[in-house]
Amino acid sequence: MAWKGTHLSHKMLPIVKKVSGFYNAYVLGVLTVGYILGELGHYLIGVTSKQTAIELDYGDKACQQNNTRFTRHELPKQCSLVKEEDSCLALTYNETAYCEWNYNGLGIDYQILAGPTFILVFTIAGVFMGFAADKYNRVKMLTVCTLIFAVAIILQGTVEAYWQLLLLRMVMALGESGCNPLATGIMSDIFPENKRALVMAIFNWGIYGGYGIAFPVGRYITKSNFFNLGWRMCYLGTGVLAVLLAALTGTTLKEPERKAIGEGDRTKDGKKIGLWKVLANPAMIMLMIAASIRHSGGMTFAYNADLYYNTYFPDVDLGWWLFAVTIGIGSVGVVVGGVVSDKIVAKMGIRSRALVLAVSQLIATLPAFGSVYYDPLWAMITLGCSYFFAEMWFGIVFAIVVEIVPLQVRSSTIGVFLFVMNNVGGNLPILLDPVAKMIGFREAFMIFYAGFYGISSVLFLITCFLLEGKPKDNDSTTAVGEEKIDGLEAHTRQMRGHDNSVFSVDEVLPHNGRPAVIPQHLQLSSNGQDKYTPVTRESSRL
């Protein structure tokens, strides 16, 4: 019997190894889907705002086309051009009224609901989540955070007043604030450096996946009016799925071992590098500014795209077009950006990631203007072209952040970075409303969306020159005492980046000619000391 048990275990071992080989991909999938559901709840308000405003009485009223039997080209006058209620209701075509005066989902109430209210809590809580992620169990924290935003999304489907929706979006922001810093820390510990930008890009694509899915969910589930719930069903369904994801996160994911902190996390005199010294670096500051402006352009589109196309093309249903562009083309751009960034960083150093950002956003700018300027067909074509290049940015930005900061402050740095980026990028779109009232909605939308793409391209290019190129071969073997640069700069490798991977032996195995990697049991512990066998600097590469 003992022999049979041993024989069975030997047969099961290859199966277990094969299944465990997919664990990292499974973790990435769970984290990404959870992020998508959180962002879906975040951006649903941009698609359901008109119906929500009509029920809850908030925002601006405007003249809108309410008869889909007529196309815009048939009508004697466009509803959106009329600014008075009496003139709006008097418009007729073939003795049929085709306009209504009602809430349009826009206005300062909507902009506050969509942006600042959410961002205020999201960014402040995100900083604390980042610090906590460096000290406590990230999987347990992520499970609680997912459950919090899931319940908040469900309750949003039950509100009866504007202030209730406002409060619940703040609670949702509290839960979602932990997703990025916690998940980023987990992924950085289980994926190798050569896959970092691609993995970060796939995960952070959850933002765009969330608002891409929001277009068909917000439009068509609302129209279907399941159980006579209208727009409320969108929130109830999303929240229930998020609860299931929270259960999956807590029961199937395990906390990974944090990778060793090498000598690069300390100054020459042995002191640890502080968070604020990392944040005060010119390259980090410029990267924050560039990312904030680019984020503002993305938020402007996310919060206002459906309302914009419904306002100017009320007779054309663009819900599935917007979904296809954001999910289909956007996802391809995310993957391509990550792969390109990972490939050329080996040749040019971290600087190449910033260069990819600058070039991609520059290429995306002109077609972004076209997506606002043209009629529906060419608007969607140019939007697709823009999206392919525009969506390369998010994952690459966080790949840079992960590579240029010490491991000991990685999650807390990401928390602060998100705080700055979201406060600037998430709150700037509130200016769209007063600017739109002065120069028109289309013109203001064009400036805050496409114009900010172009500005971010220039800022990313400036960041590129603040980062160093590929280090020389002897840089990694230079003794700490021989380095000529003191303080933070010496130990951020002149912003060439930290080797945030475990040690690898410089010896070559005779049978395959590949470098040997120190097994898990020989890696450094969290205090920087070898757990078992000493590893000298001469026999390791940082």
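Every residue gets a Cβ built from N, Cα and C, even glycine.
Features reported for this protein in TrEMBL:
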DOMAIN    27-472  domain 'Major facilitator superfamily (MFS) profile'
TRANSMEM  21-38  transmembrane segment
TRANSMEM  110-132  transmembrane segment
TRANSMEM  139-159  transmembrane segment
TRANSMEM  198-217  transmembrane segment
TRANSMEM  229-253  transmembrane segment
TRANSMEM  318-340  transmembrane segment
TRANSMEM  352-374  transmembrane segment
TRANSMEM  380-402  transmembrane segment
TRANSMEM  414-432  transmembrane segment
TRANSMEM  444-467  transmembrane segment
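Beyond its flanks by at least six residues, the transmembrane segment (198-217) meets 28, 31-44, 46-47, 180, 183-184, 187, 191, 234, 237-238, 298, 302, 306, 319-320, 322-323, 325-327, 330-331, 334-335, 337-339, 341-342, 391-392, 394-396, 398-399, 402 of its own chain at Cβ-Cβ distances under 8 Å. Most Cβ pairs under 8 A with the transmembrane segment (414-432) among the ranges 229-253, 318-340, 352-374, 380-402, 444-467 are made by 444-467. Here the transmembrane segment (444-467) has Cβ contacts under 8 Å with residues 282-283, 286-287, 289-291, 293-294, 296-297, 300-301, 304, 308, 349-351, 354-355, 357-359, 361-362, 364-365, 368-369, 371-373, 386, 390, 393, 400, 404, 428-429, 431-432, 435-436, 438, 495-496 of the same chain, all six or more residues outside its ends. Per-residue pLDDT, averaged over the domain 'Major facilitator superfamily (MFS) profile' (27-472), rounds to 86.
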